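Asker: Could you have a look at this structure, given as structure tokens, before my questions?
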Amino acid sequence: MTPEQLRDASLLELFSLEAEAQTQVLSVGLMALERNPNQADQLEACMRAAHSLKGAARIVGIDAGVSVAHVMEDCLVAAQEGRLLLRAEHIDALLRGTDLLMHIATPGDPAGEAAVPAFLAQMASLLDPATAAAPLAVEVPEPERLVQPPVIGPVPAEPEADLEPTPRKAGKRGSEGSERVLRVTADRLNSLLDLSSKSLVETQRLKPYLATLQRLKRMHGQGMRALDGLKTQLEGSGQRLEVLEALAQTQRLLAETQEILQQQAADLDEFGWQASQRAQLLYDTALACRMRPFADVLTGQSRMVRDLGRSLGKQVRLQIEGEKTQVDRDVLEKLEAPLTHLLRNAVDHGIELPERRVLAGKPAEGVIRLRASHQAGQLMLELSDDGAGIDLERLRRSIAERGLSPAETLSRMSEAELLTFLFLPGFSLRDKVTEVSGRGVGLDAVQHMVRDLRGAIELTQVAGQGCRFQLEVPLTLSVVRSLVVEVGGEAYAFPLAHIERTLEVAAEEIVQVEGRQHFWHEGRHVGLVAATQLLNRPAGQGDESSLRVVVIREREQLYGVAVERLIGERVLVVMPLDPRLGKIQDISAGALLDDGSVVLIVDVEDLLRSVEKLLSTGRLERIERSAHGARGADRKRILVVDDSLTVRELQRKLLSTRGYEVAVAVDGMDGWNALRGEDFDLLITDIDMPRMDGIELVTLVRRDQRLQTLPVMVVSYKDREEDRRRGLDAGADYYLAKASFHDDALLDAVVELIGGAQG
């Protein structure tokens, strides 16, 4: 390639970059002018952008670009001077010209120059309708005549070229203004961030050395005080002068070393502080290099919403808040596709046709609002529309028709439960497939992409008022705010985005429901699982009377994960695992703690899948109370079997407060399974229950060789003598009617049968 060719190639690349920046200015400005055609600042910005593109195209010798930009400039100047009022057809044509300029500026794109004559003819007819009928030849203006109106050719008979907005190239979004820009590869930025994070961790390793010096200084002082005491004793005992002088010399040497040690400790403390501050600044700067304004992901979205709405016969406007919110470049790139899906859904499914909106008392123009903000280290996105919302009855019918759930069950489902069906693969409320929707891949794909970002998405709606999607994703994939815990002697980190809360669960609060351990949390039973089993770590032994539990949530799933120790909240620099390891079950990445030790970051979604797998195969292990000292050697256990949640909880609390360890079961079958797998000192059961009633349960107990001596109490609403006799004949030792039930009656009966909780 000759020097001239190299120069031309370089100029073309610069023209392409400038075209991208200036067409973005044009798109934003024209969208604003469509709402208010008299905005002087937007007219000026668009005119300057067109003028700049005309000059740049002339420099690189792209005559088609000169012609297009020039006629656009003429149109905008006419609007500035008041000779032309921009209407919808003018905006449509100018936006088409904006797309045409991007096609012309894109190397190897043949769609650009071929569509120029038709575009010039269209603009001529809009600027001066009389010229549209004149059969003039197409002529590209000469450079010295650029100030004159271009000569316009006839309107061709064939259809106009279909020009779609040219997609923006990744990594080139937005205009840099007057700032100096240096292009750096993503890999180099990643390496810089990795090195800076390691440097930050290394500075923390100075703290143990400083602590050792401080401890040595204290020991040194203790030694000097001991010598002072020894000197006093020797002086009083009449020791020789030589011994006292030697002792004095030792004291002087120790005083000198004490001074040196103190100075060195102070210097190390100062150095450690400065090194830590500089390493933190280096890391923050490296991280900031990856951060971009949220507006970068919005390039072309307003235009897409407008064009899609017009193609569907709708008037739609996108309103954006928080464009300057800083987000990691990788997160931005991965957000573009889900946001596009949601915006297209809002236009197609949410916003009504203008006539329907007017009949409903709404403005003809629908509004989609997209708001971005920071909250607790997370990027919070809210996308809402003022459309019709979701027809829940239609949704129920669609679910039933697809055989996803029985109609009876659907009638009892809450609105939130029904809306989750919209995220299923292949599910759509549209009966016909169109170019825009109906294939059922939209929300399913959105949810999948958001989860890949370690985020969450939630849908709410109000009938007749619209829908709202709330997305929560990390600001950066390079760091993650986590709760660090200890499991089996090793450190693990749970991302805070998935943590509902942490709490301590007392032993007496752990109950058996359908053969699984649960505890009561905010009005619902939460399943309890051991982190040691999930992460394949040895279970620790201890004397604690309660469990440290991390409550994790993924959509509607809620589980309590029992851990050994809560270390604390940390902001961790994510370090990807070696790809040669493949996908490690329940683990997403690694990180380093302040002391340089390794911590593994838990993949919460994968962890919950592991829980479901253990449940479905019946391999979920019970957390043994002996492992955490929840039950003393002589503490008595009682099994309460009742299908009423209120009665179960009342009995459990009464007995727990007296020191008994209580497990619960929801019916006779659940109780029988618990009795066969665990040891109890007393069985308390209701009579009328589904699957297996209390009489059947007592009969099975008395027939079982291991259980036949187990004391049994029946607590029932049935207070007739024949019911009492039936229970006692089946093998019950005590019959208590719920009609006469009160706290002391139950507790007195329990003490009568098995004595106190200890013993």
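Glycine is no exception: its Cβ is also placed from the backbone N, Cα and C atoms.
Pasting the relevant annotations from TrEMBL:
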{"type": "DOMAIN", "residues": "4-108", "note": "domain 'HPt'"}
{"type": "DOMAIN", "residues": "225-477", "note": "domain 'Histidine kinase'"}
{"type": "DOMAIN", "residues": "479-613", "note": "domain 'CheW-like'"}
{"type": "DOMAIN", "residues": "637-753", "note": "domain 'Response regulatory'"}
{"type": "MOD_RES", "residues": "His51", "note": "phosphohistidine"}
{"type": "MOD_RES", "residues": "Asp686", "note": "4-aspartylphosphate"}
{"type": "REGION", "residues": "151-179", "note": "region 'Disordered'"}
Asker: Using DSSP, tally how many residues of the domain 'CheW-like' (479-613) sit in helix, strand and coil.
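Answerer: Taking each residue of the domain 'CheW-like' (479-613) in turn, the totals are 23 helix, 76 strand, 36 coil.
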Asker: Looking only at the domain 'HPt' (4-108), what are its DSSP counts of helix, strand and coil residues?
Answerer: 89 helix, 0 strand, 16 coil
Asker: Round to the nearest Å and give the CA-to-CA distance linking Asp686 (4-aspartylphosphate) with His51 (phosphohistidine).
Answerer: 87
Asker: For His51 (phosphohistidine), list the number of other Cβ atoms lying within 10 Å of its Cβ atom.
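Answerer: Step by step: centre on the Cβ of His51 (phosphohistidine), count other Cβ atoms within 10 Å, giving 17.
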Asker: Pop the mean pLDDT for the domain 'HPt' (4-108) in here, whole number is fine.
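Answerer: Value for the domain 'HPt' (4-108), mean pLDDT as a whole number: 86.
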Asker: CB neighbours of Asp686 (4-aspartylphosphate) within 10 A?
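Answerer: By my count, 25.
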Asker: Under DSSP, is the residue listed as '4-aspartylphosphate' helix, strand or coil?
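Answerer: Note: the residue listed as '4-aspartylphosphate' is coil by DSSP, not helix or strand.
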Asker: Could you give me three numbers for the domain 'Response regulatory' (637-753), the DSSP helix, strand and coil residue counts?
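Answerer: Final tally across the stretch: 57 helix, 23 strand, 37 coil.
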